[in-house]
Amino acid sequence: MRYAHEVGKVRAAEQALMARLPEGTLMQRAAAGLAAVCCRLLPRVYGAHVVLLVGGGDNGGDALYAGARLARRGARVEAVLAGSKAHPQGLAALREAGGRVLPADRAEPAVRHADLVIDGLTGIGGTGALREPYAALARLTEDTDAIVVACDVPSGVDAGTGRVDGAAVRADVTVTFGTCKPGLLIDPGAARCGTVELIDIGLGADLPDPDVVAVWPEDLHIPLPSPESDKYRRGVVGIVAGSERYTGAAVLCVGGAVRGGAGMVRFASVPRPVELVRQRWPEAVTTIIERTPAALEKVGRVQAWVVGPGLGTDRGAEALVEAVLRTELPVLVDADGLTVLARRRDLLRRQAPTVLTPHAGELARLLGRDARREEIEARRLEHVRRAAAELSATVLLKGSTTLIAEQDRPVRVNPTGTPWLATAGTGDVLSGLIGALLAGGMTALEAATAGAYLHGLAGRLAASAAGSGARTGQAPIGAHDVVTALPDAFRTLS
Ligand SMILES: NC(=O)C1=CN([C@@H]2O[C@H](COP(=O)(O)OP(=O)(O)OC[C@H]3O[C@@H](n4cnc5c(N)ncnc54)[C@H](OP(=O)(O)O)[C@@H]3O)[C@@H](O)[C@H]2O)[C@@H](O)CC1
Ligand SMILES: [K+]
């Protein structure tokens, strides 16, 4: 399951296909696929207690027809109708197969004691926060031992964006039809889906190129060193980070680059961060620079730059960001560098690749005008795409599902993150890591994708290694633990 299409394109493809098929064919294909997954999930279909949550649209129709199929195989199927209307033919099919409709006040005990619940409240036609009684029915899925199977999309999750605005179904399995929807890949929606199963209903030929792609390890083409490799061929990354006031970010960023496979890391800054980087990472070549436009002249040859972590945002920081972006090399700008860029967007007019790695607040500043952090968090897909187009850069939007956008390309979703990564300093590790991959010759999109994947995986490995032996096997981590776990993350790929 790797590709997702926007809802409008799914509907257009469905309509094109439906025009060539007898009426109802697609819904029968969807219902058959849904019922087949339910049969697989139940230890025994005969005698199993199945509850359908049925909304007023075709999503409810799918659930009713799937329920009819399960009833014909001997399941005890009960439907709870959310509104006054329900798909009439689906309802008739369920009744004919021996299923029945429950009164509303029986919904709670039925869901609680069911073996399996099918959520057919809303699918791609759901808009905005769930209204009552849909919302109350969706909430029942949070407190049941039943297996919860969402039909197409967990109700309450916006299929197009992953936005969750109020109550939403929490599914163990989401059975989706034709193609994945972006909201199944992007948090907070993705976190509600459980395992996603794709049912082929024959849309393939009618679907355009995908809008969103989930990253898989086999998509990452990280160059491995060969016997002829030397430090220059593996890539020299230059890092301009830290200030007299902020030193930790520089140490972590250099760590990300060293463990990210750079042939050499050149670190340039003012004396205090240089001293600390030298102590922690003796393998880095350090240069003390002044915070002026001519600063880089002393640094030596590099193949890519990282600028920003702990840099401060004063005139000196601006001079350094400007100096780096005036080179003709790939550049990654992060943290304070992004704050500087928000007032100097003219610096983004350049030919060489530029990678920006903001979190939502930094992206809001970069986009300016009407963008607010909460707005960006709520509609991450739309904003990352807009940022890539407006800023002419590869934009990596950090978050519980990190998104990577480049103009006219499907947005990439990184699946490896962990909430434990939401801690100070992990972003600095990520920028050093991506910088090393850029210096190694990967394109901006490849480097950002591989960096996000490895960084998320290192976070997961660190969180579980730290807690091994405990019940959940997870524990809090610091940014330095992510640096330490990077080699293990790389090893999973070879
Ligand atoms: N097209 C095809 O070929 C195929 C489509 N297929 C299936 O159809 C699904 C799309 O069906 P759809 O278009 O009928 O919309 P759907 O998701 O059922 O939602 C509409 C219903 O939800 C309600 N509702 C909406 N928002 C709400 C809210 N916030 N709070 C409360 N209620 C809300 C809305 O109520 P209304 O606003 O009309 O009062 C209406 O009753 C798709 O996901 C897939 O499962 C498959 O069979 C394969 C072939
Ligand atoms: K649903």
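Quick reminder: no glycine exception, Cβ is built from N, Cα and C everywhere.
Remember, TrEMBL labels are computer predictions, not curated facts.
Feature annotations, courtesy of TrEMBL:
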{"type": "DOMAIN", "residues": "10-209", "note": "domain 'YjeF N-terminal'"}
{"type": "BINDING", "residues": "58-62, 123-129, Tyr134, Asp152, Ala249, Gly310, His359, Asp428", "note": "(6S)-NADPHX binding site"}
{"type": "BINDING", "residues": "Asn59, Asp119, Ser155", "note": "K(+) binding site"}
{"type": "DOMAIN", "residues": "214-493", "note": "domain 'YjeF C-terminal'"}
{"type": "BINDING", "residues": "Lys398, Gly399, Ser400, Thr401, Thr402, Gly427", "note": "AMP binding site"}
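Looking only at the binding-site residues Asn59, Thr401, Thr402, the densest Cβ neighbourhood within 10 Å occurs at Thr402. Checking the binding-site residues Asn59, Gly61, Thr127, Lys398 against ligand 2 with a 6 Å cutoff on the Cβ atom leaves Asn59, in sequence order.
The sparsest Cβ neighbourhood within 10 Å, among the listed binding-site residues (Asp58, Asp119), is found at Asp58. The binding-site residues in question are Thr127, Tyr134, Lys398, Gly399, and the one with the fewest Cβ neighbours inside 10 Å is Thr127. Listed in chain order, the residues near the AMP site other than Lys398, Gly399, Ser400, Thr401, Thr402, Gly427 are His359, Leu397, Leu403, Asn414, Gly417, Leu421, Ala452, each with its Cβ within 8 Å of the site Cβ centroid. Among the binding-site residues Gly61, Asp119, Tyr134, the residue whose Cα lies closest in space to that of Thr401 (AMP binding site) is Asp119. When the binding-site residues Asp58, Asp119, Ile124, Thr127, Gly310 are ranked by how far their Cα is from the Cα of Gly427 (AMP binding site), Gly310 comes first. In sequence order, Leu53, Gly55, Gly60, Ala63, Gly120, Leu121, Thr122, Gly123, Gly126, Ala138, Ala150, Cys151, Asp152, Val153, Pro154, Val169 are the residues of the same chain, not among Asn59, Asp119, Ser155, whose CB sits within 8 A of the CB centroid for the K(+) site. A simple way to gauge crowding: the CB of Ile124 ((6S)-NADPHX binding site) has 23 other CB atoms within 10 angstroms, across all the protein chains here. In this structure, Thr127 ((6S)-NADPHX binding site) belongs to neither helix nor strand by DSSP; it is coil. Using Gly61 ((6S)-NADPHX binding site) as the reference Cα, a 10 A cut-off selects none from the binding-site residues Asp119, Ser155, Lys398, Gly399, Ser400.
Cα of Lys398 (AMP binding site) to Cα of Ser155 (K(+) binding site): a span of 26 Å. Each residue contributes its Cα atom, and for Ser400 (AMP binding site) and Thr127 ((6S)-NADPHX binding site) these two points are 23 Å apart. Taken residue by residue with DSSP, Tyr134 ((6S)-NADPHX binding site) is part of a helix. Listed in sequence order, the binding-site residues near Tyr134 ((6S)-NADPHX binding site) (C-alpha within 10 Å of its C-alpha) are Ser155, out of Asn59, Ser155, Gly399, Thr402.
Annotation note: Ser155 (K(+) binding site) sits in a coil segment as assigned by DSSP.
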